[in-house]
Amino acid sequence: MSPCENDTPINWKRNLIVAWLGCFLTGAAFSLVMPFLPLYVEQLGVTGHSALNMWSGIVFSITFLFSAIASPFWGGLADRKGRKLMLLRSALGMGIVMVLMGLAQNIWQFLILRALLGLLGGFVPNANALIATQVPRNKSGWALGTLSTGGVSGALLGPMAGGLLADSYGLRPVFFITASVLILCFFVTLFCIREKFQPVSKKEMLHMREVVTSLKKPKLVLSLFVTTLIIQVATGSIAPILTLYVRELAGNVSNVAFISGMIASVPGVAALLSAPRLGKLGDRIGPEKILITALIFSVLLLIPMSYVQTPLQLGILRFLLGAADGALLPAVQTLLVYNSSNQIAGRIFSYNQSFRDIGNVTGPLMGAAISANYGFRAVFLVTAGVVLFNAVYSWNSLRRRRIPQVSN
């Protein structure tokens with residue numbers, strides 16, 4: 001038992017702060033290595049433009065693929081053994097893998113370790129499940145929206161810090177620095193997260209069919225999983241072509257990398273500002289209204305992105321898009337809280353993470369395929385169509401639902 005654990009009531013606000021810090025640290029740790037991932041692949045012996053592109057894409061995607069496979073297993077274990085234990089497992093496991101990545105000698109070793117990183121991940125969905133089971137239901141939107149800003153903040157700062165560290169110390173040391181960040185996350189979680197959890201035996205655990213029958217509205221929950229997948233597909237579809245699109249808009253300028261970095265970052269900044277506020281508004285008017293409104297707003301912003309003429313115009317539209325995006329996943333998570341019990345929260349959030357990871361893999365593939373055949377601008381129009389479908393699909397799934405009265 002950690003020093004922070006005793007018989008006093010759990011302070012969910014303190015747990016939220018600590019979980020936010022954990023999500024920030026893991027978000028930063030994951031993104032620290034992203035700016036130089038292709039360079040590290042090259043350092044491990046991969047040569048040639050096409051081979052380098054192929055291997056960079058594979059080592060990037062395989063983490064999400066294996067995370068999608070492993071998430072339901074870890075979610076079930078969280079419902080049996082507790083969410084805090086899963087947070088500790090994830091932080092420590094990823095820290096050890098990062099050390100091994102820094103010691104990798106060839107591309108195959110690195111590929112296996114990237115897959116292992118996906119298998120051992122799961123800090124964020126378990127943090128969501130922990131907070132969702134402790135926070136008063138009428139504050140779920142605000143709490144989950146606030147928690148989401150932790151990972152976003154880390155993901156924003158990570159690439160910049162990773163690039164600076166790689167330039168200063170070389171590529172391999174960054175993996176060791178990343179590992180130390182994850183070990184710090186482990187100790188922060190160990191000593192400052194509190195959870196009162198009664199372990200459940202394997203025989204007492206609900207099986208998959210019982211999980212489905214225990215849901216208030218299983219079809220609605222499945223539709224929320226699909227919504228999460230489509231949100232990530234839409235977000236990821238733009239990632240492969242953003243820098244090239246900015247270069248096309250900017251023309252002959254020397255600082256296209258800096259401009260691209262700024263335009264890539266502004267949605268995250270906007271999401272930081274909007275997520276807690278829109279989450280709080282969702283607690284008042286209903287998260288389903290926030291979800292549908294944000295999806296429609298996203299469609300109205302994606303269409304003009306296809307017609308912009310300058311990087312500034314694109315940057316402004318992406319900032320506004322980020323404000324809408326900041327509301328989407330927290331709204332989905334809040335609806336999942338409303339429609340499932342604490343007993344199965346770990347599995348529900350892990351299933352949702354699996355759909356999110358599948359979206360993370362398929363989104364960039366879709367964007368790259370569309371741009372290769374129809375050009376950069378077509379990506380935004382197709383993505384707008386995908387999001388519009390998501391809005392109609394979500395509205396149809398949610399229209400008969402009435403928000404239950406929630407109280408402290």
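Here the Cβ of each residue, glycine as well, is placed from N, Cα and C on the backbone.
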Which range of 146-166, 335-355 is transmembrane segment, per Swiss-Prot: 146-166
Contact call for the transmembrane segment (256-276) against the transmembrane segment (92-112), three or more Cβ pairs under 8 Å: no
Annotated stretches the transmembrane segment (173-193) and the transmembrane segment (58-78) touching (3 or more Cβ pairs under 8 Å): no
Long-range neighbours of the transmembrane segment (115-135), counting only residues six or more past its ends (CB under 8 A): 10, 12, 15-16, 19, 22-23, 26-27, 62-71, 74-75, 78, 83-84, 86-87, 89-91, 93-94, 97-98, 101, 143-144, 147, 151, 185, 193, 195, 333, 336-337, 342, 345-346, 348-350, 352-353, 357
Whether the transmembrane segment (378-398) meets the transmembrane segment (224-244): three or more C-beta pairs under 8 angstroms: yes
